[in-house]
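I have placed the structure first, in the form of structure tokens, so that the comments after it can refer back to it.
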């Protein structure tokens, strides 16, 4: 196990080169670490522990000991004691580039794409009504056309979940349910609740249901198990939340359920064949299976270099210049982007660092965000091939179900100037007032795009 502890004080000069010259494809980096690195030694000062008899110190020590006990019972995950890295980097970018705020807000371009893809799927379902589901024509069509189309629909629902199509949350939900018709089973409203938590509580064990459980990791951490997971990952993401963190159904869950059943009934009744519904469901399965576009599920947050060595190991290897360099590298690997052509089919979801940094920026403007803040994004590790990510995940013994960063709680806050100092950024000159405004309104702006309520964002949004 490796534990990342946020130092109490940062030496600005010592971390200026920590991300420079680190732009490299994570697919091509070799690693000498295994998925089960040795346990870091714990120092009382590192973990906020104190021998003081003061009551407050004793309470803090008990809480920290509980966290350590949980980490030690799950030794193969990479446990972080800091908060997720995106809030602090977002604030650093807003300070350096306040013009990024102009990129925030919905885009109506998603609407015609949803209806185009939905029409393609309904047309294909009609044309295959008399074709046997196990025929090669049916399966190939469901894999190539259906799998690609429904992966696009999954990611359209992802965009809509962030309220990035209409200003009205109700209209966003209605469009999300319409898009859901292509999937064949109710999905949109259940996804919304869990995905919002994935952003707000990234990596928090027991809350972020994108994380594999300890049971999954133990059973599937071998070539056969990883192949099984990659093949049936859509089922893991559908069923895991019910075991980890069930959410209370809302009226919208009922509307979603009823709408899909009515659509399915109409599809079967008017087309006159169950094969049409089977096509939609098979398309959804392939969209989350061994499909080139489905690789983004693994590429986004799995640690494809394996866990970093412990602080003790890194001092011996000389791989990192200092403790701050080690920390920043750990933070940088928690989310990984992909900038290849498959983004065209997938609402630019490959721009995943950019998306987590700014959930309020729609898919159409993520490349522009990257260009504006390229000094922050270019040094980060990135993937050059989604299919290769799946291959490496399955075949590399250093990568597996345990290759995820976890937290027992929100974690220690990271100062936003850590990122600027790390890349030796020459930031845009802005006034103190502009800086304070950018940082003060940050949470309000982002919460508006990670909520299920009619929160009004103060940002000056524009539609494209």
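Cβ atoms here come from the backbone N, Cα and C positions, even for glycine.
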Matching range for TrEMBL feature annotation, transmembrane segment, among 74-93, 134-153, 154-173, 274-293: 134-153
Feature transmembrane segment in TrEMBL, mapped to one of the ranges 45-65, 108-128, 297-317: 108-128
Annotated range (TrEMBL: transmembrane segment) out of 20-40, 251-271: 251-271
In contact by Cβ distance (the transmembrane segment (174-195), the transmembrane segment (108-128); 3 or more pairs under 8 Å): yes
Feature contact check the transmembrane segment (134-153) with the transmembrane segment (251-271), CB under 8 Å, 3 or more pairs: no
